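What Swiss-Prot records for this protein:
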BINDING   Cys146, Cys149, Cys203, Cys206  Zn(2+) 1 binding site
BINDING   Cys163, Cys166, Cys189, Cys192  Zn(2+) 2 binding site
DOMAIN    5-69  domain 'J'
REPEAT    146-153  repeat 'CXXCXGXG motif'
REPEAT    163-170  repeat 'CXXCXGXG motif'
REPEAT    189-196  repeat 'CXXCXGXG motif'
REPEAT    203-210  repeat 'CXXCXGXG motif'
ZN_FING   133-215  zinc finger
Amino acid sequence: MAKRDYYEVLGVSKSASADEIKKAYRKLSKQYHPDINKEAGADEKFKEISEAYEALSDPQKRAQYDQYGHVDPNQGFGGGAGGGFSGGGFSGFEDIFDTFFGGGGRQQDPNAPRQGSDLQYTMRLKFKEAIFGKDAEIEIPREENCDTCHGSGAKPGTTPEKCSHCGGKGSINVEQNTPFGRVVNKRTCQYCNGTGKEIKEKCPTCHGKGRVTKTKKIKVKVPAGVNDGQQMRVSGEGEAGINGGPNGDLYVVFVVIPDEFFEREADDIYVEVPITFVQATLGDEIDVPTVHGKVRLKIPSGTQTGTTFRLRGKGVPHLRGNGTGDQHVIVKVIVPKKLDDKQKEILREFASTTGDKVDEQTSGFFDKMKRAFKGD
């Protein structure tokens with residue numbers, strides 16, 4: 001089944017800004033998160049949303065998706081199997097020079113040590129886990145050298161032989177007609193897949209591959225302060241090296257599940273807290289939740305809806321240490337929806353002392369008041 005367009009998944013246009021993509025992701029991830037939405041299919045929908053956001057929130061991956069319609073899982077990670085174009089034709093300036101000048105200056109030893117491929121793992125974190133960090137254990141399927149043949153691919157007691165087709169070079173020269181005439185192009189030997197070796201008797205465990213897929217448990221220490229879309233490198237935990245080369249690296253990409261109450265911007269946290277009309281008018285002290293615990297906040301008399309208070313040091317620890325962000329508390333004045341006659345009379349008396357005209361029947365005083373407090 002073909003994957004849906006990532007922009008369609010998030011409900012945004014292809015020209016959407018990074019902020020629009022982030023807002024769409026937050027809204028949808030709250031709606032379909034498996035801990036909140038128990039409907040059938042919500043889990044798959046959440047995975048689809050996370051996959052789309054992971055691609056479109058990264059400028060490099062988004063550009064690749066816009067151009068090719070897919071994202072290379074190794075995009076942005078060095079040491080792997082290389083992106084871009086592969087196969088026949090010219091693969092770069094070296095190939096062009098090889099073609100016209102005999103190809104003798106770029107011969108590589110197919111048996112030289114090579115670094116293993118890098119791996120990528122997506123780790124989903126709860127909002128507070130990203131803020132305070134955690135110790136986690138993850139399972140990674142990866143290719144490792146076969147224990148039976150020690151990576152040679154040959155049956156124990158035997159050794160691989162030099163490939164009879166390429167003479168152990170791992171490549172063969174192929175004549176090709178081009179607009180410049182007949183030229184010779186170097187191709188990977190299809191008989192030995194570029195290894196320069198032939199295995200007459202294959203290892204019964206790995207069937208001649210020299211490598212097997214194993215699931216490795218890896219302990220990962222998630223640092224405090226990581227944010228959505230950031231990645232962490234775990235050195236040497238990628239796939240095994242080839243011909244004795246070093247292992248690749250593991251890149252852990254973090255996807256942070258949005259919180260229903262707190263909203264994060266960099267290392268600062270924003271919350272909206274409701275207060276009553278009386279509290280806003282006369283002032284009060286209220287309890288405000290923070291990720292660090294409950295804090296008392298003084299509301300001055302005459303506070304207007306939308307007023308922002310800063311709680312210093314109650315935000316996210318800086319990823320590289322040295323301080324903590326702040327929490328910004330935005331108050332929303334809640335207008336009572338139902339008033340009895342006595343309460344209405346008190347408000348009319350109050351309005352008359354300030355010179356306001358009150359005509360509930362013609363002006364819809366309370367509706368206007370509600371809209372004003374909401375900022376409409």
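Even glycines carry a Cβ here, placed using N, Cα and C.
By the Cβ criterion (distance under 8 Å, sequence gap of 6 or more), the repeat 'CXXCXGXG motif' (163-170) is not counted as touching the repeat 'CXXCXGXG motif' (146-153), fewer than 3 such pairs being found.
Cα-Cα distances to Cys166 (Zn(2+) 2 binding site) place none of the binding-site residues Cys146, Cys149, Cys203, Cys206 within 10 Å. For the repeat 'CXXCXGXG motif' (189-196), the residues of the chain that approach it from at least six positions outside its boundaries are 110-111, 160, 162-163, 165-166, 168-172, judged by C-beta separation under 8 angstroms. In the structure as shown, the Cβ atom of Cys192 (Zn(2+) 2 binding site) sits within 10 Å of 23 other Cβ atoms.
A gap of 16 Å separates the Cα atoms of Cys192 (Zn(2+) 2 binding site) and Cys206 (Zn(2+) 1 binding site). The separation of Cys163 (Zn(2+) 2 binding site) from Cys146 (Zn(2+) 1 binding site), Cα to Cα, is 21 Å. Recorded residues Cys203 (Zn(2+) 1 binding site) and Cys163 (Zn(2+) 2 binding site) have their alpha carbons 17 Å apart, per Cα-Cα distance. Across the zinc finger (133-215), DSSP assigns 0 helix, 39 strand, 44 coil.
The Cβ centroid of Cys146, Cys149, Cys203, Cys206 marks the Zn(2+) 1 site; residues of that chain outside this set whose Cβ lies within 8 Å of it are Asp147, Thr148, His150, Gly151, Ser152, Gly153, Ala154, Lys202, Pro204, Thr205, His207, Gly208, Lys209, Gly210, Arg211, Val212, given in sequence order.
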